[in-house]
């Protein structure tokens, strides 16, 4: 029994002298209290995300007592505070990102005692991490099946992102692949429509891919968007595998962790890599005071097992500064127990003139996706694709783009149009 007449017990979850055990999961939060002390606010986070309710209870089971989260670090940070909380693994189901996020990123975001709350990072111990497979291929595996050893992979999306018939899409794909693009990608909302059915597109595009591979001697792939209800995604993945595809693309945020974990199993059986699009992430990653960081999102996606994921560019049109993106990319490429490294994808407002700076900032282990910066070339998509490849080759070789453009009319026209513009 809890022999106390006190109503609230949030401070029972705060112990700044506590030393976390090696098998506890650590979560870092930024928060701003609303009418309560920082200690109480931190305790409320720990309580709500572990075993708590708003009041003291008549009885606590022994397991509940041992499962209480503990705030062990609390420091002022700007207008708010940083808290680090240790969670016993008894709180978490093995191998379930869904259950983990329901705890550490669930009801805590709705508490009135907090003006803002942001999940900055989480640190799973090996005892928890070992239940996750991570990527099936990762950077090394993708480089092997693509046959690309020492340069960034190139990707593009036919623009406009919607409105293409299957025949029109196939014609554009032929031009893009022939010009030097490695990966043709559907955009996030391009799935299956009366004017372009998935089943027709998948068959047509892989026939075009096979033709281009025979003509160029290069491996080409199609990041086809299979996103939909889980049963539909599974059927679409099977179609891709039957047509000889190597990749599927999933909008992982809108699909959700449960769907992604299921499709990780499906794609392993089918031998398919997962390209993770992050559409909708900014709804909770963009506000620096509230939500979940892109870093935490990328970490969770790596645990489940995506092979490549969009992270930003720092030089293009999408929000995200260099330090944030570099931190994410470095983590995705780092050694992490048995979990393979993941290819970061740079996309959004890229064109050939930005390649030297992009590669200088983030290195060669990168998928570079340029949509408008390829499709908007004055001489068409094939020329745009070649201009991008030539710009990347120049950057890898340490050549000035203006010098490279002397032997590449496609690159010269791209530079004449966009120069070194950074879109806003």
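In case you wondered, yes, glycine gets a Cβ from its N, Cα and C as well.
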Site-mate of 278, 310, 347, 348, 349, 369, 370, 371, 372 for substrate in Swiss-Prot, selected among 140, 149, 161: 161
Reduced DSSP assignment, residue 369 (substrate binding site): strand
Residues near residue 185 (N6-carboxylysine) in space but at least six apart in sequence (CB under 8 A): 155, 156, 157, 222, 223, 249, 275, 369
List of residues, in chain order, with Cβ under 8 A from that of residue 159 (active site, proton acceptor) and at least 6 apart: 371, 372, 375, 376
Set of same-chain residues at least 6 away whose C-beta sits under 8 angstroms from residue 161 (substrate binding site): 187, 188, 189, 190, 371
